[in-house]
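A.B. asks: So that we are looking at the same thing, I have put the structure below in C-alpha cells.
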Amino acid sequence: MSSGLYSTEKRDFDTTLDLTQIRPYGDTMNDGKVQMSFTLPVACNEKGIEAALQLARKMGFVNPAVAFSEALDKEFSFYVVYGATSFSVDYTAIKVQALEIDTMDMHECEKYIEENFGREVVMVGASTGTDAHTVGIDAIMNMKGYAGHYGLERYKGVRAYNLGSQVPNEEFIKKAIELKADALLVSQTVTQKDVHIENLTNLVELLEAEGLRDKIILIAGGARITNDLAKELGYDAGFGPGKYADDVATFILKEMVQRGMNK
C-alpha cells in the first residue's frame, strides 16, 4: 500500500553547496529529501496511514508521503515515509573528537610489535553485562576476522582472549587481572533505553575502584559507539561501524608506546 509519492508541482532549489547550511540530498542539491521508517501500534489501514503522515508533518517533514505500509499483525503496522525538511546544519561549526590514526595493517602491526615491544601484548575482549551478542567482538577478536580484516587472534605478538557474551563486569576485570591484560575491549550491541551507557560507566567505576584504570588501555565498540561518547564515559577510544581489528590494534599499540607501556 502506498500513497502519493509523486508531485507535479515545480520546485526550485538553490543548488549551490553551502557547508554552513547543509541539508539532506535526494536527487538535487538542497532539496532536503528524507526517508524515514517507523512502527505504529495501530492497524494498517487508511487511518493508520493518515496517522503516519500527521506524525511526519509534526516532525518537520514538508509534503510527506507514505511510500510503503505493511501490517505486522492486527494491531501493529510499519511505514516508510518520504518527505523533505527545510532545516539545515552548519557543517563548519561541528566539532568531534575523531580518532586520527594512520592505521597499520596486520603485518605492519606485527612489525611494530617486533620493533617496539619486548614481549607479547595481551588484549582481552568481551560483550559485557547482559549483552548476548558477539558479532561485534568476534569481528575484532576472532582469527578469521571480518570483511577481509583478520582478527586479533591471528596477530603475531598478540595474545588475544575473547571471553564471549554476557560477561559480568566484575568477572571481566577478574580475568583481566589474571591474564595481565594490557588492553580491554568492550563490545555493546544492545542499546535500548541506554543500557549500554549504564554498563560502560559501571565498568569504568569498577576499574577505578580496583586502581586499574590508568594501567590499561580501555576500548569501547559497537554500532552506536562513537569516540566522543567513549571518551565522555572514561574510555581511551571508541570504535563504531566500519572499523576493524587493524584500526583497534593500531590505536592500542601506539597508545601503549606513547605511555611507555611497551616494556
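From the backbone N, Cα and C atoms, a Cβ is placed for every residue, glycine too.
Pulled these from Swiss-Prot:
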- 130-136, 185-192, 219-223, 239-244: adenosylcob(III)alamin binding site (BINDING)
- 120-259: domain 'B12-binding' (DOMAIN)
- Lys144: N6-(pyridoxal phosphate)lysine (MOD_RES)
A.B. asks: Pop the mean pLDDT for the domain 'B12-binding' (120-259) in here, whole number is fine.
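C.D. replies: The answer is 95, the mean pLDDT of the model over that range.
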A.B. asks: Sorted by position, what residues of the same chain at least six away from Thr130 (adenosylcob(III)alamin binding site) have a C-beta under 8 A from it?
C.D. replies: Gln166, Val190, Val195, Asn199
A.B. asks: Per DSSP, to which secondary structure element type does Thr130 (adenosylcob(III)alamin binding site) belong, with helix, strand and coil as the options?
C.D. replies: coil
A.B. asks: Any same-chain residues 6+ apart from the residue listed as 'N6-(pyridoxal phosphate)lysine' with CB under 8 Å of its CB? Would you list them in sequence order, or say none?
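C.D. replies: Tyr150, Gly151, Arg154 - these are the non-local Cβ neighbours of the residue listed as 'N6-(pyridoxal phosphate)lysine', listed in sequence order.
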A.B. asks: Report the same-chain neighbours of Thr134 (adenosylcob(III)alamin binding site): residues 6+ apart in sequence with Cβ closer than 8 Å to its Cβ, ordered by sequence.
C.D. replies: Ser127, Gly164, Ser165, Ser187
A.B. asks: DSSP helix, strand and coil counts for the domain 'B12-binding' (120-259)?
C.D. replies: 64 helix, 29 strand, 47 coil
A.B. asks: Can you give me the same-chain residues 6 or more apart in sequence from Ala220 (adenosylcob(III)alamin binding site) with a CB-CB distance under 8 Å?
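C.D. replies: Those within reach of Ala220 (adenosylcob(III)alamin binding site), by Cβ under 8 Å and sequence separation of 6 or more, are Val186, Gln188, Leu200, Leu229, Ala230, Leu233, Tyr235, Ala237, Gly238, Phe239.
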A.B. asks: Which site among Val186, Val190 has the most other CB atoms no more than 10 Å from its CB, taking these as binding-site residues?
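C.D. replies: Sorting the candidates by Cβ neighbours within 10 Å, the top entry is Val186.
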A.B. asks: Residues with Cβ closer than 8 Å to the Cβ of Lys243 (adenosylcob(III)alamin binding site), same chain and 6+ apart in sequence?
C.D. replies: Gly221
A.B. asks: Within 10 Å of the Cβ of Phe239 (adenosylcob(III)alamin binding site), how many other Cβ atoms can you find? Include all protein chains, please.
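C.D. replies: The Cβ of Phe239 (adenosylcob(III)alamin binding site) has 24 Cβ neighbours within 10 Å.
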